[in-house]
Every structure is written in C-alpha cells, then in structure tokens.
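Visitor: Pulled these features from Swiss-Prot for this protein:
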BINDING   HIS59  O2 binding site
BINDING   HIS88  heme b binding site
DOMAIN    1-141  domain 'Globin'
Amino acid sequence: VLSAADKTAIKHLTGSLRTNAEAWGAESLARMFATTPSTKTYFSKFTDFSANGKRVKAHGGKVLNAVADATDHLDNVAGHLDPLAVLHGTTLCVDPHNFPLLTQCILVTLAAHLTELKPETHCALDKFLCEVATALGSHYR
C-alpha cells in the first residue's frame, strides 16, 4: 500500500513521465527485449527491437503514458488499469510474469534519467510499479 509520502513522491514525477514517455518507454522496452529475449514473441510485427525502432518508440510511449495516467489513480491503480489487464490477459494472452520484468526495466530507466531520484522516491516508484505489474497480470486466463 502506498503511503501519503509515496503518493506525493510519485505525483512529482508525473510531468517528467509524460514529457519523456516515448523515449523512456522505448528505452524500457528495449531493455526488456535485451535482457529477456523471450518477451519479443508478443511483438511479431516488430523488426527493430532497439530503443530507436519505430514500433518500439510508439509502443513505449503508450506504455509510459499508461503508467503516467495511473499516477492519477494512486488510490485505485488496479481499477484504473483493469481494461488494459483484460486486453493483455484475455485477448493478447500475455504471460503475467512479463509485467514485473517490464516494470523493473522502467524503474532502471527512470533511475538512469532522473538524477534527482532519492532513495525514498525510488522505493515509492518500486512499490507503485509492483502494483502496476500485479494489476496488469490479474486477468491472465
């Protein structure tokens, strides 16, 4: 459960997440593809899995914008992300094990770019991204 201090720390990052969604989202996806190549199987139309890949940039932007949107719903992250959880779990059949892999890559990417990231904010982000990963994996059939 996110504390009031966690929520405040996360909300302070929302603007940076939105401003850098495409670049940081693409970098996060590229990190995931590089560290866990099996995740590429869900992206059969992608030919360039680098952070510069056109489709990686587009999807990375969607991912990080969805994460930024979830920061507006910190009291109900799971409820807010439920439509995406249904899509990924029942339509796309994405293995829920992949969501923690991606959120870890997001956390690493943010830590690399946010020089002002204090340990307390890092911890708050980790807790929040764990909630995101759990929510997204909740409808796997």
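Cβ atoms here come from the backbone N, Cα and C positions, even for glycine.
How buried are the listed features, and what sits near them?
Guide: The number of other CB atoms found within 10 A of the CB of HIS59 (O2 binding site), across every protein chain shown, is 17. HIS59 (O2 binding site) falls within a helical segment according to DSSP.
Sequence-distant neighbours of HIS88 (heme b binding site) (same chain, six or more apart, CB under 8 Å from its CB) are VAL94, LEU136, GLY137, HIS139, listed in sequence order.
Across all of the domain 'Globin' (1-141), the predicted model scores a mean pLDDT of 96.
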